[in-house]
Amino acid sequence: MLRGIFHICLLASFLLLPFSSAVHDSGFTGGTDAPPPWDHNVSPPPETAPSPTPTSSPSTTSPPSPGPVAAPSPINNGSVSGDMTWWCNKTPHAETCNYYFRKSSQNNINLRPPRFRSEFLRMLVKVALDQAVITHSQTVKFGPSCTNNQRKAAWSDCVNLFQNTVAQLNRTLKGLNPAASSDVKCTDFDAQTWLSTAQTNIETCRSGSEDLNVSDFVMPVISNKNLSDLIGNCLAVNGVLMKQHDHTTTANHKEYFPSWVSRHERRLLVSASLAKSSPHLVVAQDRSGHFRSIQAAINFAARRRFKSRFVIYVKKGVYRENIDVGNDNHNIMLVGDGERKTIITSGRSVQHGYTTYNSATGGFGGQRFVAKDMTFINTAGPLRGQAVAVRSSSDLSVFYRVGIHGFQDTLYIHSQRQFFRECYISGTIDFIFGNAAVVFQNCMILVRRPLHGQANIITAQGRGDPFQNTGITIHSSRIIAASDLKPVIRAYKTYLGRPWQAYSRVTIMKTYIDNSISPLGWSPWLRGSNFALNTVFYGEYKNFGPGSSTRWRVRWKGFHAITSTAVASRFTVGSLIAGGSWLPATGVPFKSGL
């Protein structure tokens, strides 16, 4: 009974967040390598960064060199200057590369040395795919050894994550085939995204086992860095190929729709009223729809034969359930009656025995997922640690006019390409975290009151490889204290971010920053730690408001007070997520450039 009262009170506290400070009333307008760092000559005031509760410990292995590793030049005359060893020695993980190609040779597999980088890349992806299949199979075999719920939870995540790694590598290999059909063929930007996801899945398996203190259980699999190194080699070689092309997209979203989007689907995506009037399914608690449960509707959609856009209209109400859109359930669109009317809520957390990954109120995996006009809440509360409201690993996904509320680890932007427009996001510690390539545009980011002795950290970006084309951009948005923090704003430190992984990348541009943010701006992972301070990329460009001054910001090599339009443009919708090529199909407004 007490738990029920607590749940209702906590839900009410989320709904009392300052929705009235609407983004559109705030005077808003409307994968790249990190640029060379530069130093700042102004000393910050004497202030010690706090020791906030970490989401996960940083990797204890030595990170690879942050500088680009040159892949071999293409050999146009058809000959090679050596054998596979010559090619492998050009990669960042040469020993691993040589080992697996020697192994193939010993197994009587005839390997002809490649003539071009692109051929070598396909060979690398094939080797990584073969190893991923083996790793997945080994992980599945751990199932009978799951003697408690914690092990079962970590094992289940790892099985699904390695299965997805196999899928991402297989998708990449097919897409890189010169003979692939147009609907399968991929760009090198696509490939870099999928390879980044494949590698991120491995790290997520590891961190999930640490969440529940069962890392010894899956250690035989996750301690083997070979698969991660093989994918890292793919990222490095494909990264060189990416530099030969410009993936910035500037298409006018009012004029462009991809050819695969039908005329009806275009109208459906652009018009919220049309989506409500002619959905494929309706969810309603008053029995006026097809289902009373959102998950039941999602499960029904997963069984459909054709994977075109499928609209589920969720009528107003509070839905107490966890929902999950599987990795193979593509083109799902959830449309509600508004942020304050359609509410999905649950209270899973790590302290309840869930991994961070699986604690999400809403988890989304299928490609091109869209959510509009609804709110997701994790009601676990500040005492329960990591508790996710939304987790997205959906490629080309969009969240439009969506509320996402919690405390620690509110929004898990896990992987792939994502876009958030006019969303409200609230939390305390690391409440926007993960390793997607993601842009937040015209969003309201609300910093809540943490527990006594804690500090607020807005972002914890998880880029663990210098060639991953991932990062967080907050553009034309507002970063402000929520109503529960405002009266005690001076009692708590708040930072824009801290480095979850060695190459963490966050850029904040043309955004209002209030006085809740510490003058230092950014925090180390732990108090006194030097982890990743020279290899991160934390950039600020033309922000405004009382907390926006970069005069007293940290003096790390990885911090950049950006003054160049060319540098800032690398982190826009058009560049970081190549949004001009896919966002028009969603019907959601966006600004491609600065």
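Cβ coordinates are placed from backbone N, Cα and C, and glycine is handled just like the others.
Taken from Swiss-Prot, the feature signal peptide applies to 1-22, supported by sequence analysis.
Summarising the annotation, Swiss-Prot assigns region 'Disordered' to 28-75.
What Swiss-Prot records for 34-71 is compositional bias 'Pro residues'.
The feature N-linked glycosylation site is assigned by Swiss-Prot to Asn77 (among others), with sequence analysis given as support.
Over all protein chains present, the Cβ of Asn170 (N-linked glycosylation site) has 17 other Cβ atoms lying within 10 Å. Classification of Asn170 (N-linked glycosylation site) by DSSP places it within a helix. Positions annotated as N-linked glycosylation site by Swiss-Prot, on the basis of sequence analysis: Asn170 (among others).
Around Asn213 (N-linked glycosylation site), the C-beta neighbours below 8 angstroms that are at least 6 residues distant in the chain are Gln150. Taken from Swiss-Prot, the feature N-linked glycosylation site applies to Asn213 (among others).
According to Swiss-Prot, the feature N-linked glycosylation site maps to Asn226 (among others), an assignment based on sequence analysis. Its Cβ placed at the centre, Asn226 (N-linked glycosylation site) has 16 other Cβ atoms within 10 Å.
Among the features that Swiss-Prot reports, substrate binding site is placed at Thr356, Gln386, Arg498, Trp500, with the record citing similarity to another entry.
Its Cβ placed at the centre, Gln408 (site 'Transition state stabilizer') has 31 other Cβ atoms within 10 Å. The site 'Transition state stabilizer' annotation in Swiss-Prot covers Gln408.
Look at Swiss-Prot and you will find Asp409 tagged as active site, proton donor, backed by sequence analysis. Taken residue by residue with DSSP, Asp409 (active site, proton donor) is part of neither helix nor strand, so it is coil. The Cβ of Asp409 (active site, proton donor) has 30 neighbouring Cβ atoms from other residues within 10 Å, across all protein chains displayed.
What Swiss-Prot lists as disulfide bond is Cys423-Cys443. Neighbours of Cys443 (disulfide bond), defined as other CB atoms within 10 A of its CB across all chains, total 26.
According to Swiss-Prot, the active site, nucleophile annotation covers Asp430, on the basis of sequence analysis. Under DSSP, Asp430 (active site, nucleophile) is assigned to a strand (E or B) in the three-state scheme.
Other Cβ atoms within 10 Å of the Cβ of Thr356 (substrate binding site), summed over all protein chains shown, number 30. Annotation note: Gln386 (substrate binding site) sits in a coil segment as assigned by DSSP. The subset of recorded positions (Gln386, Cys423, Asp430) lying with their Cα within 10 Å of the Cα of Gln408 (site 'Transition state stabilizer') consists of Gln386, Asp430, given in sequence order. Comparing the recorded positions Gln386, Cys423, Asp430, Arg498 on other C-beta atoms within 10 angstroms of each C-beta gives the minimum for Cys423.
Asp409 (active site, proton donor) has its Cα within 10 Å of the Cα of these recorded positions: Thr356, Gln386, Asp430, taken from Asn170, Thr356, Gln386, Asp430.
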